[in-house]
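Working notes, beginning with the structure itself.
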Amino acid sequence: MSKRSKVEKVEKVEEVAKSNVKNMNEELKQFVDDDKHFSLVRNFHLADIITLANGACGSSSIFLSIQYMITKDKNFLWMSLLLMPLGMMFDLFDGKVARWRRTASTLGQELDSLADLISFGVAPAVCAFAVGMRTFLDSIVLVVFISCGIARLARYNATVASLPKDKSGKVHYFEGTPIPTTLCIMALVAYLANNGYIEDNLPGGIIKLPINFDFHPFVLLFGLMGITMVSKTIKIPKI
């Protein structure tokens, strides 16, 4: 690619970014200036309602994981695990609806990130805790995993305006693995739960360290997932 082509490409990206920022600022001003009752609800689009359904799935999954810890009833665990992919279905659908109805908004973008954090960050971490990863070091790894999810979503929101997009407004790729890829680990957890390899039977067992710093090697999968989420060199095409 020639130097001139590179300059033109950069200028085009900057122009699109400025246009997107301008549109968002105008929409945000309109939203802030609306001081009537229930202004928040009235400014919701159909895509935003679908996004909230994603967040509801994640929140319900968290409570069901806690119920499993209390009762040891596996039905609660199965419902918790099933709600995560259901949340992903809503997550995939809301973006398509927003582009179809041309209702992409700053509010919708923030809602999407918060819902994703709950459904694919906090819910999987709580489920991992529920199925046996409960030592002090396990908890640290899970907290790091959630923190990486927060950082990854914040970076996306800060840079999405400048990322290359198609005519419908969909970005071409993600920087770092998208947070919903956490469901790959949860699919493995579901397989282990079905075969009785949870709690004291987690693969890899538990490694005993001095001063009661024990940990389950399995939890390192969450640490690795967190690292890939914040990576800038990994670029995943958006489907």
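All positions are counted from 1 along the displayed chain.
Every residue gets a Cβ built from N, Cα and C, even glycine.
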Which range, 48-64, 218-234, does TrEMBL list as transmembrane segment?
218-234
Taking 3+ C-beta pairs under 8 angstroms (sequence gap of 6 or more) as contact, is the transmembrane segment (76-93) in contact with the transmembrane segment (218-234)?
no
Go through the chain and flag residues at least 6 beyond the ends of the transmembrane segment (179-198) whose CB is under 8 A from any CB in it; none is fine as an answer.
74, 77-78, 81, 84-85, 88, 91, 116-117, 119-121, 124, 127-128, 131-132, 149, 152-153, 221-222, 225, 228-229
